[in-house]
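Comments concern the structure below.
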Amino acid sequence: MLTIKNWQLLSENDKKLCLSRPRQSSAIKENVLEIINQVQLSGDKALYDLTKQFDRVNLQYLQVPQEKIEQANIPKNALNAITQAIGTISSYHQSLLPENTEISTASGITIRNVYRPIQKVGLYVPGGNKTPLVSSLLMQAIPAKVAGCPIKVLCTPPDAEGEINEHILVAARLCGIDTIYAIGGAQAIAAMAYGTESVIKVDKIFGPGNSYVTQAKTLVAIDADGAAIDMPAGPSEVMILADTEANPEFIAADLLAQAEHGPDSQVILICDECELANQVNQQLEIQMSYLSRIEFIKRSLANSRIIICSNQSEQLDIINSYAPEHLIINRKNPEPWVEKIVAAGTVFLGSWAAETMGDYVTGSNHVLPTSGFARNHSGLSTLDFMTRFTVQAINQEAIRNLGPAAMTLAELEGLDAHANAVQIRLNTLGD
């Protein structure tokens, strides 16, 4: 079960180790670079070869035929659930649409903010250990649709027969995506970043994935010929802050829900006393016994821990230092804590706020910064699928009033051509 650590008894170095994430292999970067190079050099052929190598599938095609998307069919209960999720996710992301604004900064000057959808976006949906990660698709496709992105392509790994799960096809169809590639892993990221004979080169790539996918996204983002990315979204994680009144059964369930994502997921509980910690560990044993992904969970829990800390100021320091992807404040009065949180992907308030609800149906986006990136990144939103540019209108009055100041600043920086561009206009005005 989870190791219990008393925060007050730890050295500064031990505290850092207590909040450290599982380390990724240094060999991953080299392997991913090789995959990217293969795709750049050999295009479609590399995609077929790499899919055979990693997925052990001989693909019949890279792009899913249109008729397969149109004919895909799923059980009614699944269709209803997807439709309900689309409703809440759409409502939330519609609320994030920005308005074009205009301001006058000085007499004769107006500046407008203009927002436009990114023209070509690539969405990546992981394989999900042979299960269809429909929610990952919805969390990307819906804000892309709301933003108005005209070209939306989807890459997701094929199954053993080289096909895409029909739940994914139906969800994509409902979200207006008709360009789907049966490609996964780092090779999918490379294909969308650079393009191949069959795969469209996109402007920005979205979506979570394993360490290979995350590394590939990072590498293509720093290449001028590659593509922008949403964020480095790696292994999933949750941190729970609980008081003595919290239900240990609920806490254990939330920890396990995150741990089942994969062996490199991490879960951390912060609580006031050992009694609750022991009760949670007992519940973990009970609930694990009937869950299907027990091997994933066991390996994840080995990377995880319970921290005993009764000082609220120190509890906040732990949270903000760790910057969790998901933070659950399972306390009697959680709201006052929010204003003191400075780094978290998303925050769930109260005992009924199961993180599972946020994963699927609240409407908030579940593509969130991990590995501490919540310190400087936000969760995915409609704005991530848009660009903003300014429109500046400057008339003669502004040239007269502010031109001399612009010239002075240009000359201070040794840029006489800049100053000249204003001086010529002042000369024309006769000033």
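Residue numbering: from 1, along the chain as shown.
Note: Cβ is positioned from N, Cα and C throughout, glycine not excepted.
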Check Swiss-Prot: it lists S236, Q258, H261, D359, E413, H418 as binding substrate. Then name which of H326, H377 it lists for that same site.
-> H326
Under a criterion of Cβ-Cβ distance under 8 Å and sequence separation of at least 6, what residues of the same chain contact Q258 (substrate binding site)?
-> S236, E237, V238, S265, V267, S300, H326, E355
Position of peak Cβ density within 10 Å, selected from the binding-site residues Q187, N210, S236 = Q187
Nonlocal neighbours by CB distance (under 8 Å) for D359 (substrate binding site), same chain, sequence gap 6 or more | S135, H366
Roughly how many angstrom lie between the C-alpha atoms of Q187 (NAD(+) binding site) and H261 (substrate binding site)?
-> 22
